[in-house]
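Below is one structure, written out as structure tokens; comments come after it.
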Amino acid sequence: LTCVTSKSIFGITTEDCPDGQNLCFKRRHYVVPKIYDITRGCVATCPIPENYDSIHCCKTDKCNE
């Protein structure tokens, strides 16, 4: 599985997930109105959203773009 780890105006950076980590995730952490801190990567289980987080998990290559 290949997941996106970062995305910018220059393109995307990806990583091949290690054995046991079969999900890609994207976490949007609310900072201030219209501003989010976005984290992406591989996980074994989908994280539970905390505070003002929004989490998307998926199982296909680069699905967390």
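Residue positions begin at 1 at the first shown residue.
Using the three backbone atoms N, Cα and C, a Cβ is placed for every residue, glycine included.
For CYS3-CYS24 (among others), the entry in Swiss-Prot reads disulfide bond. Residue environment of CYS24 (disulfide bond) contains 28 other Cβ atoms, counted within 10 Å of its Cβ in all protein chains.
CYS17 (disulfide bond) falls outside any helix or strand according to DSSP and counts as coil. Same-chain residues at least 6 positions away in sequence with a Cβ under 8 Å from that of CYS17 (disulfide bond) are, in sequence order, LEU1, THR2, CYS3, CYS24, CYS42. Sequence annotations record features per position, and here Swiss-Prot assigns disulfide bond to CYS17-CYS42 (among others).
According to Swiss-Prot, the feature disulfide bond maps to CYS46-CYS57 (among others), an assignment based on similarity to another entry. If you draw a 10 Å sphere around the CB of CYS57 (disulfide bond), it holds 15 other CB atoms from the protein chains shown.
According to its DSSP assignment, CYS63 (disulfide bond) is coil. The annotation disulfide bond is assigned in Swiss-Prot to CYS58-CYS63 (among others).
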Cβ-based isolation winner (fewest other Cβ atoms within 10 Å) among the disulfide-bonded residues CYS3, CYS63
CYS63
Which one, from the disulfide-bonded residues CYS42, CYS46, CYS58, has the smallest tally of other C-beta atoms lying within 10 Å of its C-beta?
CYS46
